[in-house]
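**Student:** Just passing along the structure, written as structure tokens.
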Amino acid sequence: MASSTMALSSTAFAGKAVNVPSSLFGEARVTMRKTAAKAKPAASSGSPWYGPDRVLYLGPLSGEPPSYLTGEFPGDYGWDTAGLSADPETFAKNRELEVIHSRWAMLGALGCVFPELLARNGVKFGEAVWFKAGSQIFSEGGLDYLGNPSLIHAQSILAIWACQVVLMGAIEGYRVAGGPLGEVVDPLYPGGTFDPLGLADDPEAFADVKVKELKNGRLAMFSMFGFFVQAIVTGKGPLENLADHLADPVNNNAWAYATNFVPGK
């Protein structure tokens, strides 16, 4: 009796075959091609952050959310006055951009504050202010990572630029492609080796973690914007600006600087 073969063909399983009893298909040869599924919504039935009864942007004072914002995805508070999420493809793209920018902003905000915090507590490692640190590469001695010459000693801005392009490009390509074998279904939440703490093991808890990530990420993006403005206006790091404000809140605040700010000075 001849046997039938069902060949599962995909980027992850290319070349593998699964034998199927002939009683199911007779003499037929069935070929099935596996494609990456779209990311599933993170709706959580018991969470206040999802579904039609979720928390909205103004609480009980919120108006009726747009029909296309159904509470399926994390961070949906029913607010879209500009209609940016009306088109499903644009909505999916913007969701991905927001999550990626949120993660970079959280890392960036920590990187802006932590070196300055260490320097203010006596740790010596060169320039601690985030927007001044990179310029040390143009100094005669170059740039020592963490102020330690035994770590990475950089002297060429072109070499750093090339490393950034190659390394970050490779990481982003790895993410978009779903890993080396294309086995990752959702590039935003790949799981597996990218989740060593097992945060995604419990679907209910994972749905809430996604909301927390976006909340903190949105705050981090606003923080980074504030750090940029502070750097342009005051020429100081975020912690030094905070210390100045606490020491003299009347003369060191956004209003005082806005009314006295002269570009280029």
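Think of each number as a place in line: the chain as shown, counted from 1.
Note: Cβ is positioned from N, Cα and C throughout, glycine not excepted.
Per Swiss-Prot, the features are:
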BINDING   Gln136, Leu146, Glu213  chlorophyll a 3 binding site
BINDING   Lys212, Gln230  chlorophyll a 5 binding site
BINDING   His245, Ala254  chlorophyll a 6 binding site
TRANSMEM  99-119  transmembrane segment
TRANSMEM  151-171  transmembrane segment
TRANSMEM  219-239  transmembrane segment
**Student:** Who are the long-range neighbours of the transmembrane segment (219-239) in its own chain, taking Cβ under 8 Å and residues 6 or more past its ends?
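**Tutor:** Tertiary neighbours of the transmembrane segment (219-239) are 101-102, 105-106, 108-109, 112-113, 116-117, 120, 128-131, 257, 261.
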**Student:** Among the binding-site residues listed here, Gln136, Gln230, which has the most company in the form of other Cβ atoms within 10 Å of its Cβ?
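**Tutor:** That would be Gln230, with the most Cβ atoms nearby.
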**Student:** When a 10 Å sphere is centred on the Cβ of His245 (chlorophyll a 6 binding site), how many other Cβ atoms does it contain?
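**Tutor:** There are 15 such Cβ atoms around His245 (chlorophyll a 6 binding site).
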**Student:** Long-range neighbours only, meaning 6 or more apart in sequence with Cβ under 8 Å: which ones does Leu146 (chlorophyll a 3 binding site) have?
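**Tutor:** Result: Phe125, Gly126.
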**Student:** Out of Gln136, Glu213, His245, Ala254, the binding-site residues in the record, which is closest to Gln230 (chlorophyll a 5 binding site) when you go by Cα distance?
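**Tutor:** Minimum Cα distance from Gln230 (chlorophyll a 5 binding site) across Gln136, Glu213, His245, Ala254 lands on Ala254.
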**Student:** Find, for the listed binding-site residues Lys212, Glu213, the residue with the lowest Cβ contact count at a 10 Å cut-off, counting only other Cβ atoms.
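**Tutor:** Minimum Cβ neighbour count within 10 Å, taken over the binding-site residues Lys212, Glu213, occurs at Lys212.
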**Student:** Tell me which residues of the chain lie with their Cβ under 8 angstroms from that of Ala254 (chlorophyll a 6 binding site), as long as they are six or more apart in sequence?
**Tutor:** none
**Student:** Three states by DSSP: which one describes Glu213 (chlorophyll a 3 binding site)?
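**Tutor:** SS state of Glu213 (chlorophyll a 3 binding site) = helix.
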**Student:** Can you tell me the CA-to-CA distance separating His245 (chlorophyll a 6 binding site) and Gln136 (chlorophyll a 3 binding site), as a whole number of Å?
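**Tutor:** Spelling it out, the Cα of His245 (chlorophyll a 6 binding site) and the Cα of Gln136 (chlorophyll a 3 binding site) are 28 Å apart.
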